[in-house]
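Annotated features, as they stand in TrEMBL:
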REGION    1-76  region 'Disordered'
COMPBIAS  1-17  compositional bias 'Low complexity'
COMPBIAS  18-27  compositional bias 'Polar residues'
REPEAT    140-170  repeat 'WD'
REPEAT    234-274  repeat 'WD'
REPEAT    324-358  repeat 'WD'
REPEAT    370-406  repeat 'WD'
Amino acid sequence: QQQQQQQQNQQFANNNNRPTQSPPSSEDGSRRSGNGGVVVRTAANPPRQPTLNGNSTPPPYEQTKAGRPAPEPNENRPRFIAVTTLEDVQAVRCAEFHPNGNIYAVGSNSKTLRICAYPKLSDLREDHSTFQPTVLFKRTRHHKGSIYCMAWTPVGDLMATGSNDKTVKLMRFNPDTSNLEGQEIELTMHDGTVRDVCFLEDSSNKSSLLISGGAGDCKIYVTDCATGQAYQALSGHAGHVLSLYNWGGAMFVSGSHDRTVRFWDLRTRGCVNVVTPITNPQSRQGNPVAAICVDPSGRLLVSGHEDSACVLYDIRGGRSLQCFKPHTSDVRSIRFSPSAFYLLTAGYDNKLVLTDLQGDLTTPLPSVVVAQHSDKVISGRWHPTEFSFLSTSADKTATLWALPPL
């Protein structure tokens, strides 16, 4: 299977007239450990910056709050442990950490919105017994339909949620009390399910902008959070907008059922690039884009697709780097770790997979299953500073996963 994957990646590179590179050696001379698993990064074997040409240099360690390098699972390290599990009566679609990392929000098909406390992890042990999180805020019937998506502003003073009731709710949040405050704003410009939302900061008038997209007319709307008015409707997608991701202040990307990824720049008030990620190198065909993310540097895009494929795309170079399949079913969520050394994907095969992005990105990437649910996994989100993540699932749970301290 690994040989077949290597052949596919070789063919993919040849199709794009790019020779593949040999994986760089780590300080101990090994790129991988175990059966192609993720390498343990230690002081003697530090993380390597993801590269597009095979030349890698060791950057500062990806740090946890304790100040040590973030460990990874393999046969020599503790595995991710289910620290807390929030149970609902219906599928849990979304969860997002607050920027301060002390709390997180969870949205469900039951229309319930919860805000939970992030637990202390310093005493976590391998024999840990999973417990229910502390719920600081709960609102039933938050929407008239299922809560499909949510987002916080970068400073965490606003929260937005989207639903299949075709509305977006915009709310002010007080991190000191962990409560929503004041009158919420209900946005009704969408004529279909709102599948994703994200925030941008408008530096010209120091206000937040809300980006929202979904089904129906397939338009992406830009709303001024200060006025609650949608002032721009961005057209271009021919299928439902399934995923949004912002970076760099004025830039964001959108993934669609029409198999394309569109790059948008609000400074030019329009689309600046359209890419169709190739998920089948032999036929040169694409597939609906269910999830997208851009790394913190703004140079690398990764897309997750309904045919189980992920595609790495060099934004500045305007070229695909490789296609790989960490799952056996739809990839519904995809996120770079805060320092972009690792990729967390969630799939309809009930699994969450960690892929090592350190080194040459044109070579086969080692990956390992780090968590599993009893039904489809819908989303996975990294903690902003610690090496832990949230997952939500059709098994009616939201689980916080973490590694025990060394």
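Glycine is no exception: its Cβ is also placed from the backbone N, Cα and C atoms.
Long-range neighbours of the repeat 'WD' (234-274) within the same chain, counting only residues 6 or more positions beyond its ends whose Cβ lies under 8 Å from a Cβ of the stretch, are 192-193, 195-203, 209, 211-216, 218-222, 286-294, 296, 298, 301, 303, 313, 315. Residues belonging to the repeat 'WD' (234-274) score a mean pLDDT of 95 in the model. Across the repeat 'WD' (324-358), DSSP classifies residues as 0 helix, 19 strand, 16 coil.
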